[in-house]
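Features of the protein shown, as given by Swiss-Prot:
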- 22-31: compositional bias 'Basic and acidic residues' (COMPBIAS)
- 51-66: compositional bias 'Basic residues' (COMPBIAS)
- 13-27: region 'RNA-binding (RRE)' (REGION)
- 22-66: region 'Disordered' (REGION)
- 104-133: region 'Disordered' (REGION)
- 59-82: motif 'Nuclear localization signal and RNA-binding (RRE)' (MOTIF)
- 89-102: motif 'Nuclear export signal' (MOTIF)
Amino acid sequence: MDAGARYMRLTGKENWVEVTMDGEKERKREGFTAGQQDIQNSKYPDIPTGHSHHGNKSRRRRRKSGFWRWLRGIRQQRNKRKSDSTESLEPCLGALAELTLEGAMEKGPAEAARPSADDGNLDKWMAWRTPQK
């Protein structure tokens, strides 16, 4: 940036920096020092930086947070050993052995396969609803 043609000026409460190009000849007469002082003294807005809260500490500490933590979690899930399906069913084998359909099959195979939706509740509901129509 050409310090003679442009200088930076502080404007507003939020400390935003504005570049102005007018009054070039007047500043040349004053000299470059005033313009350079303006540039050095101006407060720039706080731009968030990635790991600024860690200071100039080690790289290992930066890796404990943010993206690296998320990436480690994904890698651990991917590398986790897949358990066999038989191992996960072992606690249930006793209950599965006792499970039978004998009581349901006594009624008849057709009724056991397709239980009726009407168990008497529909009649009660229709009797309640018809007077309201």
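Glycine too: its Cβ is placed from the backbone N, Cα and C atoms.
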DSSP residue counts for the motif 'Nuclear export signal' (89-102), split into helix, strand and coil: 11 helix, 0 strand, 3 coil
Per-region confidence, the motif 'Nuclear localization signal and RNA-binding (RRE)' (59-82) (mean pLDDT, whole number): 82
